[in-house]
C-alpha cells in the first residue's frame, strides 16, 4: 500500500477510532486528537508539489477486484493535488476552529467521526482514477454530509436541511453513476485517464450525449448550481465548522472538480460549453441577487457561495473553448481555466474565514439575525478586521486576492464574447453582461455583510447573550485565512508556478506560459467594468432599503423551494395510494397479483420470443419414477382437502420424503440424506408448534374464488413447466457443470461434487442463507423473550394490586 493510499484511508481509519477515544478522554477536547490527521496529510501533499511542478504525476494501484476492472487506483496530478491541499489544509483549520466552537458536552465522538469520514471521502473523490471507486466516495460524501448537517438532530430545521441535501445530491449521484457506466461502455475501462486518452471513441459513441447530460447533472447537484442550489441554504443548519468546511472548500467544490476532470472528454461538444457556461452565469446572477435579501448571516453566505461557485463553473465552461483552437488562440481561452483555479483557491480562503466569523458572532451574541445585530465594531475589533479583509476580497476590492480572480473572470467573459465558435459571436455579449450584473450584487451583499454586523446601532436588548470578542481558538483559523487573502493578493506568484499552472495543465495540456496576475493591466474592458461595478454597487447600497423590499415580495410559487416542498408532500401521498391499490391486507389478493404477473410475463415471452423445446437429451422415464411422482402429487392434492393440521403435516412430509427418494434414484445420496433430516426436523417442529394452535376451521369459498384459485394455480404450474423446458432446450451459454467436474478436486480438494458446490463454489450463497435462518431464529427468540417478559410484568402488577 502506497503513501497516497494511506493518505486517503487515514481519515477513514481515525473515523472508527475517534468514538472509542471519546469514551476514555472526556477531559481533553477530542479535537486535539483529530487535528494531527489533516495536518499530516497536508504536509505530505506539500512534498508532492515538486512532482507536479515538473509535469509528473503519481499513479498508485491497489488490487481489489481486478477481474472486473475495479481496483483502488489513485492518480495525483496538479488538479488532484490542488484539491487535496484544500481538503487537508482547510480541514486542519476547521478542526482547530471547532475546538473553540464546540463544547465538550456535545457529541464530539459522533461529530469528528462524521467529519473524518467526509474528509476521507473527499480525498477519495479527487484522487480516484477508477470511476466506480470515485462514485463510491462521491456517495460517501453525500452520506457523511447528511450526518454532519443533521448533527443537531433535535432541531427540525437540521433534519429538513439534511434530508433535502441528501435527496438532491443522491439524485445527482445516481445520474453520475449512469454517466460513468455509459463512458465505460465504448472504452471497456473504468480508468479516467484511459477514457481521456481514448476520448475520440467516447465522442463517436451513441451514448456520448446521454453520458454528458448525466455527468453534468451529477456535477450541478453537488455544486449547488441552478436550479439544484436549493439544498445549500437549508444545509446552513449544520454547525458552523461544517459550513466552513463542506460549503466553502470541499463538498460544493466536488462538482467543479468533476467538470474540470471530464472537460478533456466532453469539451468537443458545443452542448458542454454552452451548458456549463450558461448554468454557471445564471447561478452567479440568481444567487447573488437572492443573497442581498437574506436576513440570516449564514443565509447571505450560503447564496454567496452558490454565486461564487457559478462564477467558477462559468470559467470552466469558457475554458473548454480552448479545445477548439490551436497555438496562441488556444492559450487565450485556456486562461479561463487558470482564472477558475485561482478563484477556487481564493474562494476557499475568504469564504472559509467569513463562515468562521459568522460562527464567532453567533457564539458571541446568540443570534445571526441581521435585524438584531449591529454596532459590534468596538466590541469585536479582531473579528471586524478579519471580516473587512475577507468580505472586501469577496467583493473584488484591491489589494486582496478576490480582486485578481474577479478581474480574470471578467476578462474571460469578454474573451468568450469574441469567440467565433458555435454562434457564440452572436450571443456571446450575454457573458460579460451577466458577469457584470452578478458582480454588482456580489459587491452589494459583501459590503452589507460588514455593515449588518459591525455598523449601525448596538442593540443589546435584542441579543440573547452579551456580546464579547471570542477566544483565540476561534479567531486563529480565520486570521490565518485572512492573512492568506492578503498574501495571495499581493504575491500571487506564490501560487502560479507551484499550484495553478500544474492544475491548469491537468485540464488542458496546452502549455500556459508565464501565468501572471497583476493589480492593474491598464484601461482594459475588465478594469472599466470593475469601475462600473463599484459605482453601481455603491448606488444600490445607498438605496438598499427601497429596492430590497421588492425582492422580498417574491411570490412563494415562483421559488424552487415551493415546488420542492410541494413535491415532497405530494409524491409520498400518491405513492401511498398507488401502493395501497395493489398491496392489501389480504394475502390472497397479493398472491394473485404476484402470480398473475408471473403468468402474464411467461406467456408474453413465449409468444414474442422464438425458442426451441428439445427432448433429445432428456433421460428416459422409469416406472418407479412415475410411481414416486404419483405419490408426490397425491400427497400434495390431499393437503387441499385436509380437515386437520395433523393430516396436512403428514401429507406435506410425504411430499418431502418422496423428493428425497427421487434424489436417491438420481444418485445423490448426500442430498437425499440432507432432505430426510430437514423433513424430519421440520415435521417435528410443525407438530410441536401446531399443537398449541386452535383447531383448523375450513371456510366455504364462492365458486368464483375457487375457479380463480384453480386458474392461478394451474397457470403457475404450467408457467414453471414451460420455463424449465425452455431453459433446458435453449442453452445459449456453455454449461458450467463441466467446470465443476474438472476442478472439484484440484480447487476445492473434495470428491463429492454437490457438497463442494454448496460449501466452496457457492460458499457465500450458503453463508447468507445460513445468516437468514439465524436472523429468523433470533426474531423468534426475541418474540418468545418479550412474551415471557410481558407475562412476568403482568404477574407483578397483579401481585401489587
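Cβ atoms are placed via backbone N, Cα and C, with glycine included.
Copied from Swiss-Prot, the annotated features are:
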type     : residues : note
TRANSMEM : 4-25     : transmembrane segment
TRANSMEM : 79-101   : transmembrane segment
TRANSMEM : 108-127  : transmembrane segment
TRANSMEM : 166-188  : transmembrane segment
TRANSMEM : 243-265  : transmembrane segment
TRANSMEM : 270-289  : transmembrane segment
TRANSMEM : 302-324  : transmembrane segment
TRANSMEM : 339-361  : transmembrane segment
TRANSMEM : 429-451  : transmembrane segment
TRANSMEM : 526-548  : transmembrane segment
TRANSMEM : 646-668  : transmembrane segment
TRANSMEM : 672-694  : transmembrane segment
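Under the criterion of 3 or more C-beta pairs below 8 Å, with sequence separation of 6 or more, the transmembrane segment (270-289) and the transmembrane segment (79-101) do not qualify as touching, having fewer than 3 such pairs. Counting Cβ pairs closer than 8 Å and at least 6 residues apart in sequence, the transmembrane segment (108-127) and the transmembrane segment (4-25) reach three or more and so form a contact. Sequence-distant neighbours of the transmembrane segment (4-25) (same chain, 6+ residues past either end, Cβ-Cβ under 8 Å): 33-34, 37-38, 40-41, 44-45, 58, 60, 62, 72, 74, 76, 84, 108-110, 112-114, 116-117, 119-120, 123-124, 127. Within its own chain, the transmembrane segment (672-694) has Cβ neighbours under 8 Å at 645-646, 649-650, 652-653, 656-657, 659-661, 663-664, counting only residues six or more beyond its boundaries. Among residues of the same chain six or more beyond the transmembrane segment (302-324), those with a C-beta under 8 A of the stretch's C-beta atoms are 223-226, 229, 232-233, 235-236, 247-248, 252-253, 255-256, 259-260, 263-264, 266-268, 272-288, 290-291, 294, 330-337, 339-340, 343-344, 347, 351, 394, 408-409, 412-413, 415-416, 419, 421, 424, 431, 435, 438, 441-442, 445-446, 507-508, 510.
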